[in-house]
Amino acid sequence: MKKTFFVSTPIYYPSGNLHIGHTYTTTLADVMARYKKENFYEVFFLTGSDEHGQKIEQKAKENNITPKEYVNEVVETFKDLWNKLDINYDRFIRTTDEDHIIAVQKIFSFLLKKDLIYLSEYKGKYCISCEEFLTFEQMDKDFVHNVCKNVATDFQEETYMLRVSKFQKYLQDLFKTNFLVPESRKNEMLNSFINTGLEDLSVTRVSFSWGIPVLENPKHIVYVWIDALSNYITALGFGSDNTELLEKFWSEDGEILQIVGKEITRFHSIYWPILLNSLNLKTPNKLLSHGWIISGGNKMSKSLGNVIDPIELLKSYSSDAVRFYIINNLPTDRDGEWTEELFIESFNTNLANNVGNLISRVSNMIIKYFNGKLNTKLLDKNHYLVRMGLETIEKYKKLMDNYEMNAAIKEVLKLAQECNKFIEETKPWNLEKEDKLEELNETLLILQKNILIVSYLLKPILTKSYENMILQMGVNPEKVNFDSLTNNKIDFETISKKLVLFERIKK
Ligand code: MSP
């Protein structure tokens, strides 16, 4: 049986258009999904939209339309963006989907019956923009939320509460595993929430109506975060008649990776495992909590108005360029910058000058000196660059298996750099002049093989350019895989066409 891999992004609020921050998480997930497919995993990649809640209700009112009309429009722009960015998800779940609504009501009823949820009264501060109940540590003295900078509102309602406090020991044990990365976030959760008194969580609202009603008491609407977190399992059929996907992908043997931004780590590392545990489902193998894209010193966000619109960006630049910047320039364990200058510089340095230049030089020389085809018998298997190529595959796999995409791509770029350096040192054009054709063939063959490795390892990122990179080496892209690369099972055809890859971006 094939191994399975489930990967998810948060489901985003359609309270406005998506920006480059959302694009970040979704691209990470897409790259991991594609990498796993290359490793013969059966993959399920889930993304979607989080459509209920007070903020959406307000937005719809401002626009004089119903909430459903409002979200329908925005969700189309989400799908359009993912399409333009070559995001290849398996399901786009909407929390207004009928199957999701029914399943959330079942989950709520189940927890109520188990007495994990009880009726009470709650008083505190609430951030409508983030749909989050805030502790005093999350606000300044004027009750401004430190993430989105909106003022929190007073909140006092009859509400159902989830017995979060009961789960302290469970969470402490869970946090002893490496379920949450990076380590810094793990410590933050332990110190700020888990070890310092976990409070029960309000899980219904009565003061607005755009959401999923509690069956047992319909004036109560299920708290948007309980509704939203459930998407990860309702999308697979939890609470429906068909649980085939759930059994397959949310199984003990299956690998489950969830990727989120750091501001919602609390929900995914505390409340979500509690829900799963209560439903007798396994905890994800890994929760990867990444940093923010910062702009002008602040988190890039709709409410702060400092966003970069990826749709605009994709009018000027290719999806590969955007995907590349995300993986190469934004390491997940810290905050990252997005400026157009850095973006152009990274593209020119890494793709135009390093990788692109390598491919075009080598293919030009193979065409010029050998009419497009080398003698492949002349491979020096002990050459340091041949060994380095194989080692790069190993290192890359190890890092990718650990979800360290940024470190993995650095290894690939290093190999390309070494190849360029090797060209400078061996000066193949001189070998031709000196009539050392065998040596020239050997040299170019080493480079040709390594270019295949570089290109293949970039395949999950450079989805649009990949095919041309491989064709430029005279190889059928479909025949390239981890096995054929490591075991020398590649057939080279005659290279004829010169293709332009990664044209330099002019500032
Ligand atoms: N609807 C909730 C998530 C529910 S998941 C069960 C939500 N939506 S959101 O639209 O606000 O999206 C938040 C997510 O967008 C973050 O977790 C992160 O993945 C991404 N980002 C939004 N702004 C970002 C940055 N400035 N930088 C990096 N990622 C950012 O929260």
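Keep in mind that glycine also has a Cβ here, set from the backbone N, Cα and C atoms.
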Range among 12-22, 276-286, 309-319, 375-385 that TrEMBL annotates as motif ''HIGH' region': 12-22
Of the residue ranges 294-298, 299-303, 439-443, 474-478, the one that TrEMBL records as motif ''KMSKS' region': 299-303
Neighbours of C127, C130, C148 excl. site residues, C-beta within 8 Å of centre, Zn(2+): I128, S129, E131, E132, L134, H145, V147, N150, A152, S303
Under 8 Å by Cβ from C127 (Zn(2+) binding site), counting only residues of that chain that are 6 or more apart: L134, H145, V147, C148, N150, A152, T153
Secondary structure composition of the domain 'Methionyl/Leucyl tRNA synthetase' (6-137) [DSSP: H/G/I, E/B, coil]: 64 helix, 33 strand, 35 coil
Stretch-averaged pLDDT - the motif ''HIGH' region' (12-22): 95
Which same-chain residues, if any, lie at least 6 apart from C130 (Zn(2+) binding site) yet have Cβ under 8 Å of it: H145, V147, C148, N150, E263
